[in-house]
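Structure first, commentary second.
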Amino acid sequence: MQRHAPVWEDPIAALRISAVQTLGEQPVVALGTPLPRRALGLVALVGAALGVLALVLPPGLAALALLGLLGLVPGAVTLGVLPAVPRTLAVVAIPALGAALLALVLTAQLGAGLYASALTRWALVGLGVVGGALLLAAKPAVPHAPDATASQTSDVANGDDTEHTHSENTRSAVLLTVIAAVLAAVATACWIVAIPAMRSPEYSSYGLLARAPLLAAGVGACAVAVLLAVRARSWWFAWAALLLLVLARRSYTLLGTDMPLYQWTYRHLGVMDWFAHTGTLARDVDVYNNWPGALALATWLTQTSELSRFDLALAYIVGHHLVLVVAVYALARAAGMTPWAALVAATLVELTDWVGQDYLAPQSLALLLAIVCLAALLVARDPRWRRGGLWVALVVFAGITWVHQLTPVWLLVVLVALTILRVVRPPWVVLAFLAVFAVMVAINLPALLAHSTGLSLDVLANTAGNIASPVSPGQAVTSRVVTVLAVALWLCAGLVAGWNLVRRRAGLVAPVIAFSPLVLLLTGYGGEAIYRVYLYSLPGVALILAPPLAAALFGAWLRASAAVVAVLALAMAALQGSLGGWYTAVFSRADVELAIRLEQAAGPNGVIATPTVGFPRQVTWHYVDQARADTLGDTLWSLQNELATPAGINATPVDRLTQRTQEEMATTPVYVVLTDPMRNYATQYGTLPPAGLNELATLLLDRGWTVLYRADGTSVYANEAGVRAFQSTPPRPLP
């Protein structure tokens, strides 16, 4: 056997601790053998059948069937012609390839003005039938022979505690499983009892947990149930508890409101409406029309299933997290973890993700695809799976480049770092990824120049976020809590990674994934760079922290109890981070219907003015014409940015708006909207003085604006043209 120089004798080797330096032996073959081509053919045929079945199903079920069509057919057929990959990767690669490829196809259709949702559905069905049949008829592939040089170990500490781990005896395992089941039942009960409190409109600056504390009890009970099931080695129950945890942690979006959360969601729904209405891209308007992949997918799904885009957005957050835990599990397995440590990693990411970038948005899809891309790159370390893994990673990366502008930059940073460490080989693979990225940059260069925030070397300022002081007492607490959470996670991950490197227990892959997002602090990204850094770092942090947590769970009861307490503390902090701003993000059905009516009444040149965040904006396809007109643009900026002063409301922006409306907009509708969510937002984040909206309402009345609408805390003020247009526009109730 060839002798390698010890790490301490070779400083270069110390920086390139490879995949063979680990705690314990975790064979790569544990990822499974390849899926046979006939199995892939069957998967494609099932997807095609679901696409046909969707024709006779109600919208909700039809949407699920069509998800099966896009998630099974393109990916299964593509894997059938690519070099083999192990089963663990194939499970997540099939839907990821489907989403990436269909996003590319729909982007091309919209760019060429040839968007055809029905034709695309039948093309997918045809691909599933023909491709599935060919794969079923294919001869079985010759099994891969193990490569003598293949790494037989993982690149992270794999979570097995060989010193203390012992299988619980049958009685103890049964007892732990029963306790976990009781906790799951308690969590469900807490969840149900909390529903009325979740729907209460009474504002608290401390967020939803102040009104519905049973939510925290439910999430905590579910988290403990998962960890106890892991200790008991009850595999299926652990997964069931994890899925229940996702529901307990995220379903407040389904149970606490009838409409999608967050004002930004409605901007994305407006883009979807534009795609559906015109079948083209408005590339001169916003970034979404230049990186349309995710919203094009959502548009296709709602059009072909006849599901309301509002219903899709309402359910999306739960669906995102159900996929997220599976993707993180696959990433952890690809990194070499045991199944139990990988399950802990998935649980950790789910519990600590508080950023709120999980709604119907390009970044949420890009994150899921990025995790699969990373998993494929890690699988490709093994020569047996190298070609297949690299092809999967490249195709998924190509889809990401047309879904979100920032995510591929992070992935390229990770790819270059892993190539330098000789984890990704051969080195020229980087050139293929750069070429794919360069194509996107060449096409979207005008949009990049117009919408990019550019580089910012003021890293400290970029870590401050986009919330300025003074804020409400509850928001101050929430901000401190999530700051401590982020620092604690990064500090623990750094200490564990350093200890592993010193002890030669693991390589640099997990630290690279965890800390490479820090490069994003070189861009302000609208004051939100730090939130992206935290979000992108979570999978890597989980790769570092999950193995010692899993080892502790399998260790003595004192160690296991300490691990459970630590996870609960992280979970509660993140839950407060998720729900601290709840009352600024909730909209009523009446407000959404009003927003749609106002956009229709405003016409192509009309104006809908809002002094702060808190009203659905750009909900319909009409937003494109209104954005192009940009009527009163500088005056609206003044209303949103110069209204608040230490002494109270500044009347100058109101006077300027009134004057320009009277002089230039006599025949064009102009509306000013004030809502309860705006009051909540202004109070939560200190964007307006106390009672500032009431002062603004008085100023509008004094200057001759007409009260057009007033109900349930929402009021609309309009000029005469706005009154006439609104009255001639019939309301359109949402389905």
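Positions of Cβ are set from backbone N, Cα and C atoms, glycine also.
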From the ranges 308-332, 533-557, pick the one that TrEMBL records as transmembrane segment.
533-557
Quick check for me: are there 3+ Cβ pairs below 8 Å between the transmembrane segment (208-230) and the transmembrane segment (173-196), leaving out pairs under 6 residues apart?
yes
Have the transmembrane segment (508-526) and the transmembrane segment (64-82) got at least three CB pairs under 8 Å, pairs 6 or more apart in sequence?
no
If you count every Cβ pair below 8 Å, which range out of 39-57, 64-82, 427-450, 533-557, 563-587 shares the most with the transmembrane segment (119-138)?
39-57
Any contact between the transmembrane segment (563-587) and the transmembrane segment (481-502)? By contact I mean 3+ C-beta pairs closer than 8 Å, pairs at least 6 apart along the chain.
yes
Non-local residues, at least 6 beyond the ends, that sit with Cβ under 8 Å of the transmembrane segment (39-57):
63, 65-66, 68-73, 76-77, 79-80, 94, 121, 124-129, 131-138, 304-305
May I ask which of the stretches 359-379, 391-421, 481-502, 533-557 has the most CB pairs under 8 A with the transmembrane segment (64-82)?
391-421
Count the Cβ pairs between the transmembrane segment (359-379) and the transmembrane segment (481-502) that lie under 8 angstroms and are 6 or more residues apart in sequence, then report whether there are at least 3.
no
